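Colleague: Pasting a structure below so you can have a look.
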């Protein structure tokens, strides 16, 4: 399985925002933010590259984004449209291999090791896929090509937007040595800080530690760090990857109608959901709020972000955005719930932490 593998990672560029700019020419070239209203409890789902120049990023409170760029255009997500476009992209990928692992609406791994397309060249296939996505869907994508999933994912992030990077066995060591440790796939803020504390700032710094030393410091995560630093990742591309969700809900002892009281309860639910994500080594892109009224009718509201999350802070930013668009119609609430879906395995498990709530 490890010999002669050819893995492509396709990552759509600013997917939601790019679709909106494609469908609405008036948005092209302008700072566009897909997410919540800055005048209410809103959160940025994603934004155009024009908006990113101002320091705006996914999961940022919409009000903060507005302060950074008052001229930004804010629009609500159109999830059904994004799902339809995603299917178009994935259908293209499926023509190149039956081993396509969908990570989310906007990214996937493709194992083309046995594909005869483009004379068997993974690089040419990646270029052709990018060209077809642009011609048939009207969007750009970035591609990473390598001999395993870790390096293919790292490569696709290297030249965004609309780039392609190829990492071979010959150049992989140099590539990894120069990558900031915070850019390593699966290394979050907590692990990054812990690595910095032992003098690890780039991939090359990890090479100074033996496998035993890293395991001693990071437990099972140490073995993964040791292997990633050496370009080792034997995980197969899994087309049957099971989509799951993690959620918690609370039936209230007394029906309530005060929004601030609901937020306080949702904070506790979000904390429990975050703990479950950490324990199960998961993170997700889609946050769903469930509200059941005292007449036993219920509604759900969802938002899908561009990046994966697991921390209570980020979950609550989304929940506050979602509850702001719920029409309570003067009805009291008897149940509240939060679910995280579109899950991705957290390759390197983050240690549990006390959140500092800094953005």
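The backbone N, Cα and C atoms fix where each Cβ goes, and this holds for glycine too.
According to Swiss-Prot, the protein carries these features:
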ACT_SITE  107  active site
BINDING   11, 106  Mg(2+) binding site
DOMAIN    7-188  domain 'UmuC'
SITE      16  site 'Substrate discrimination'
Colleague: Tell me which residues of the chain lie with their Cβ under 8 angstroms from that of the residue listed as 'active site', as long as they are six or more apart in sequence?
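Modeller: Spatial neighbours, sequence-distant, of the residue listed as 'active site': 9, 10, 11, 12, 156.
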Colleague: Under DSSP, is residue 107 (active site) part of a helix or a strand, or is it coil?
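Modeller: Where residue 107 (active site) sits, the three-state DSSP reduction gives strand.
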Colleague: Which value does the mean pLDDT take for the domain 'UmuC' (7-188) in this predicted structure?
Modeller: 93
Colleague: Can you check which residue among the binding-site residues 11, 106 has the largest number of Cβ atoms within 10 Å of its own?
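Modeller: Counting every other Cβ within 10 Å of each candidate, the maximum falls on 106.
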Colleague: Including all protein chains shown, what's the count of other C-beta atoms within 10 A of the C-beta of residue 16 (site 'Substrate discrimination')?
Modeller: 29
Colleague: Take the C-alpha atoms of residue 16 (site 'Substrate discrimination') and residue 106 (Mg(2+) binding site) and report the distance between them in angstrom, rounded.
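Modeller: Roughly 9 Å, rounded to the nearest whole number.
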Colleague: Can you see whether DSSP assigns residue 16 (site 'Substrate discrimination') to helix, strand or coil?
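Modeller: Once the DSSP labels are grouped into three classes, residue 16 (site 'Substrate discrimination') ends up as helix.
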Colleague: According to DSSP, which kind of secondary structure is residue 11 (Mg(2+) binding site) found in, if we only use helix, strand and coil?
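Modeller: DSSP assigns residue 11 (Mg(2+) binding site) to strand.
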